[in-house]
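Each remark here refers to the structure printed beneath this line.
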Amino acid sequence: FLMERKTHAKINRKEVMLAKLRKSCSCTPQKMKNFLMDFFPVLRWLPKYRCKEYIWGDVMSGLVIGIILVPQAIAYSLLAGLKPIYSLYTSFFANIIYFLMGTSRHVSVGIFSLISLMVGQVVDRELLLAGFDLNDDAPPALGDGSLQNDNLSNTTAFNLTIAGINAECGKECYAIGIATALTFMAGVYQVLMGIFRLGFVSMYLSESVLDGFATGASLTILTAQVKYLIGIKIPRSQGHGMLVITWINIFRNISQANLCDVITSAICIVVLVTAKELGDRYKHKLKFPLPTELVVIVVATLVSHYGKLNELYSSSVSGAIPTGFIPPKVPEFSLMLRVALDALPLAIVSFVFTVSLSEMFAKKYAYTIRANQEMFAVGFCNIIPSFFHSFATSAALAKTLVKTSTGCQTQISGVISAMVVLLVLLFLAPLFYSLQKCVLACIIIVSLRGALRKFQDVPARYQVNKVDTLVWVVTMSASALVSTEIGLLVGIVFSMLCIIVRTQRPRTALLGQIQDTSFYEDDLEYENLSTVPKVKIFRFEAPLYYANRNYFLKSLYKLTNLDPNLEAARRKKYEKKEKQHLKKGNQRTANGLGIGETTLQLVPKQIDFQALVVDCSSISFLDTTGVNTLKEILKDYKNLNISVLLACCNPSVIDSLKRGGYFGKDFGCMQEMLFYSIHNAVLFAKDQK
């Protein structure tokens with residue numbers, strides 16, 4: 001039977017587009033109100049805030065995250081190649097802006113190790129190109145003075161005009177200039193992606209790519225912190241292969257290790273890891289996680305200050321962290337042009353991590369987020385703070401987990417965290433002057449435990465899916481051994497190639513009938529299947545398109561043990577020889593057989609079927625090459641008196657076949673060529689003479 005298709009009314013796309021434009025361009029008070037409430041979701045949920053029910057959890061989680069943010073902000077400044085004050089600015093502004101614009105109730109937006117690393121790599125590269133010394137402890141030979149650039153003896157020593165910045169801007173000023181320009185461009189990209197609804201880009205970053213990228217970047221982060229752990233002074237490596245070059249330099253200078261830093265690092269790592277393990281083991285008994293990082297920083301600062309570790313043992317310390325806010329400044333346009341390309345992967349990674357975390361926690365706590373609004377929120381979390389000497393931000397999994405475990409209900413907790421950071425910015429920052437850099441490095445390295453533990457999951461991942469494991473390994477290796485940006489690109493391209501290869505060489509099978517049923521399955525995978533006499537049933541488990549056309553034909557000919565083109569050529573050859581002998585009047589053929597015997601021989605023994613059923617249930621679409629391929633096998637098998645029947649085609653495939661002329665001009669033979677189940681096709685084939 002042939003099912004009757006519904007007739008769909010034709011849509012005038014031009015009219016639809018014009019109607020949408022008219023609706024979009026119209027402006028009414030209600031529409032303006034809805035726009036503002038959509039753009040600032042806080043206007044919707046804040047008036048409905050259940051103070052008695054939510055306030056305690058929000059305040060508690062906000063305080064805990066604020067306490068965690070302060071040491072992490074100071075530590076991650078090492079990754080970004082910037083002064084700690086800028087990390088504190090970043091944490092403060094990101095929490096405030098996401099509170100106003102974000103749609104997730106739980107994610108913690110702020111500094112993130114991966115993003116800080118990507119910013120730091122661009123900053124280091126541009127500093128190097130500008131002629132600055134990347135050594136953290138190098139004297140400020142190029143005017144690297146205070147935040148206010150008041151070290152005139154250094155700024156006037158060199159008459160520099162670097163990318164549009166005047167000579168009075170030294171190393172620190174130039175570094176934050178690069179970071180803010182990069183952050184501004186990343187934010188612009190994210191807002192543009194939101195305007196043009198390009199959130200689908202995140203779909204190309206699979207879980208394997210993201211995990212591999214995070215693990216590879218974690219190895220790079222760990223490597224960059226080793227020199228602080230042991231207190232050696234080596235140049236900050238740049239470019240491809242940074243991980244290998246850094247380790248070579250570490251081993252070359254290992255003899256210069258600072259014993260004070262080594263001992264401090266060992267003690268801090270033991271304390272931090274032990275506290276983390278105990279916290280993980282007894283987290284169900286703890287109302288909130290232990291503020292281990294803050295305790296370690298406070299104790300280490302006191303020991304360093306009163307023990308005079310910097311003066312007596314030359315231990316590297318954080319140095320002066322000023323209080324208050326620097327006047328806002330527009331990012332340099334000329335620097336934006338230099339970092340425009342670097343900002344693109346930064347924008348994509350920042351958005352993907354934020355949206356994936358938002359969706360994960362929204363699903364867990366039964367509410368919805370708007371991915372497009374998240375794009376705007378993250379974009380403005382980068383654009384606006386870039387005017388206030390801040391760098392790029394993203395949602396962070398570890399802090400988000402802490403937020404949810406401490407009772408977070410809404411983004412009010414983000415405001416509380418921002419107030420804690422503000423307190424440090426205004427009053428407490430100078431107290432961290434004597435904090436050793438090796439302590440900050442320990443905090444960063446211990447925070448990588450989750451990403452580095454992914455190596456333990458490789459065997460289990462391999463058992464689940466070998467291709468995904470290969471994608472993870474390739475992405476991780478490229479991110480660690482080449483660079484983070486190249487690693488991300490390699491991961492995306494390689495994962496797409498894996499999909500293409502899997503559609504180019506998909507599974508193919510001949511099907512047998514499950515006894516006493518109307519169902520058919522793979523003859524090689526299941527026992528006790530019966531073959532259907534005179535019928536071959538072929539399954540192709542992929543779309544049929546230009547890239548796998550040859551594989552489709554090759555597999556079909558191999559499984560059916562018949563190549564119709566070769567068979568047709570062989571028959572023509574025998575017919576030609578037969579005609580030559582008939583002309584000579586010889587009734588014996590070239591093989592010494594009679595004419596009747598020759599006729600029998602022309603029908604090859606291997607043709608043991610009269611109908612070929614193609615199971616199209618796994619063919620999701622056909623392109624022009626796919627349609628022509630099916631038309632080709634229809635013609636070739638028809639020349640051998642073998643009928644080709646299609647079964648289980650979806651409407652898209654049927655439409656492609658109709659447009660391609662597979663069923664003829666008037667579709668008159670359609671009922672004899674197309675079937676809605678394999679069993680119907682088999683019954684039809686059996687009824688044929």
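Here the Cβ of each residue, glycine as well, is placed from N, Cα and C on the backbone.
Looking at 410-428, 429-447, the stretch flagged in TrEMBL as transmembrane segment turns out to be 410-428. Between the transmembrane segment (173-192) and the transmembrane segment (376-398) there are at least 3 Cβ pairs closer than 8 Å, counting only pairs 6 or more residues apart in sequence, which means the two stretches are in contact.
Residues 42, 45, 49, 54-55, 57-59, 61-63, 65-67, 69-70, 73, 85, 88-89, 91-92, 95-96, 98-99, 102, 104-105, 108-110, 323-325, 403 of the same chain, all 6+ positions outside the transmembrane segment (410-428), place their C-beta atoms under 8 angstroms from a C-beta of that stretch. Sequence-remote contacts of a segment are chain residues at least 6 beyond its ends whose Cβ falls under 8 Å from one of its Cβ atoms, and for the transmembrane segment (96-119) they are 39-42, 65, 69, 72-73, 76-77, 79-82, 87, 90, 179, 182-183, 213-214, 217-218, 220-221, 224, 342, 345-346, 349-350, 353-354, 357-358, 361-362, 365, 367-370, 373-374, 376-378, 380-381, 384-385, 391-396, 399-400, 402-404, 408-412, 414-415, 417-418, 444, 447-448, 484-485. If one looks beyond the transmembrane segment (335-355) by at least 6 residues along the same chain, the residues whose Cβ comes under 8 Å of a Cβ in the stretch are 107, 109, 112, 114-115, 118-119, 122, 126, 163-165, 177-178, 181-190, 193, 199, 201-202, 205, 210, 213, 369, 371, 374-375, 377-379, 382, 392-397, 484-485, 488-489. Only residues 6 or more beyond the boundaries of the transmembrane segment (54-76), in the same chain, are considered here, and those with a CB under 8 A from a CB of the stretch are 84, 87-88, 90-91, 108, 110-113, 116, 288-289, 291, 293-294, 296-297, 318, 321, 399, 402-404, 406-410, 412-421, 424, 432, 435, 440-441, 443-444, 447. Mean pLDDT for the domain 'STAS' (525-685) in the predicted structure: 85.
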